[in-house]
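Read through the structure below, which is laid out as structure tokens, and then see the notes.
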Amino acid sequence: MSKEGPIRLAVFASGSGSNFEALVEAVRKQTVDAEVALLVCDKPDAFALTRAKRLAVPSVSFYPKQFPSKGSFEKEVLDHLEEAGVDLIVLAGYMRIIGSTLLEAFDNRIINIHPSLLPFYPGKQGIQDAFDAGAIETGVTVHLVDEGIDTGEILAQEKVAIDPDDTIESLEEKIHAVEHVLYPEVIQTYIKKLQKEYA
Ligand code: GRF
């Protein structure tokens, strides 16, 4: 495989998009050697889309339920990814399980960030679940995406202490602060690996 020009990223988000924005900033500061080619959103009222507009990043949004099947939804997404020349998919708060259409097209080229120290507290509420369990420590995991829920190969983890006076809000803030630094770093490392493969 060979490739000209920088690696092109698509970020998938369903919500606020703070990790999307942190990544765009890292690209603009040139700490991540890539282009953010596209934001893909499965919630047309998500704040991530407002950020994309402000940051002048192209975006597409969908109502997945309007498609007859997961496969047909993902095929439509795939067409947009191909049109945008995307090399690597970065999930950032994307609340949907990736199906076989995208997994096969982007084998080992889909990365996710999860707000816990996997394998602990997988699923939709990683921060809340660690907090409710009374854990004294949680963290952030960046991993490759496979067909499971938060089960792919772990690329990096960072611990976050849960202090006795933490509230769910203060814990969320600490986790997001770690995410916004860790995710761009790990993406940059992974890009270097992909570039070697392309060379
Ligand atoms: C992050 O905590 C991420 O780990 C999880 O969803 C959240 C997304 O936050 N997968 P944001 O939309 O990037 O602000």
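Just so you know, glycine gets a Cβ as well, placed from its N, Cα and C.
According to DSSP, His114 (active site, proton donor) is assigned to a strand segment. Under the heading active site, proton donor, TrEMBL lists His114.
In the three-state DSSP scheme, Asn19 (N(1)-(5-phospho-beta-D-ribosyl)glycinamide binding site) falls into the helix class. If you look up TrEMBL, you'll see Gly17, Ser18, Asn19 marked as N(1)-(5-phospho-beta-D-ribosyl)glycinamide binding site.
In sequence order, Ser14, Gly15, Asp42, Lys124 make up the list of same-chain residues 6 or more apart from Met95 ((6R)-10-formyltetrahydrofolate binding site) whose Cβ falls under 8 Å from its Cβ. The secondary structure of Met95 ((6R)-10-formyltetrahydrofolate binding site), as reduced to three states from DSSP, is coil rather than helix or strand. According to TrEMBL, the (6R)-10-formyltetrahydrofolate binding site annotation covers Lys70, Met95, Arg96, Ile97, Ile98, Asn112.
Per TrEMBL, domain 'Formyl transferase N-terminal' is recorded for 8-187.
Asp150 (site 'Raises pKa of active site His') carries neither a helix nor a strand DSSP state and counts as coil. In the structure as shown, the Cβ atom of Asp150 (site 'Raises pKa of active site His') sits within 10 Å of 20 other Cβ atoms. Sequence annotations record features per position, and here TrEMBL assigns site 'Raises pKa of active site His' to Asp150.
The Cβ of Ser18 (N(1)-(5-phospho-beta-D-ribosyl)glycinamide binding site) has 18 neighbouring Cβ atoms from other residues within 10 Å, across all protein chains displayed. Take the Cα of Lys70 ((6R)-10-formyltetrahydrofolate binding site) and measure to each of the recorded positions Gly17, Ser18, His114, Asp150: the nearest one is Asp150. The 6 Å Cβ screen around ligand 1 retains Gly17, Ser18, Asn19 from the binding-site residues Gly17, Ser18, Asn19, Lys70, Met95, Arg96, ordered by sequence position. Report note: the N(1)-(5-phospho-beta-D-ribosyl)glycinamide site is defined by Gly17, Ser18, Asn19, and the residues of the same chain whose CB lies within 8 Å of the CB centroid of those residues, excluding them, are Ala13, Gly15, Ser16, Phe20, Glu21, Ala22, Ala48, Arg51, Ala92, Gly93, His180. Cβ neighbour count for His114 (active site, proton donor) (all protein chains, 10 Å cutoff from its Cβ): 23.
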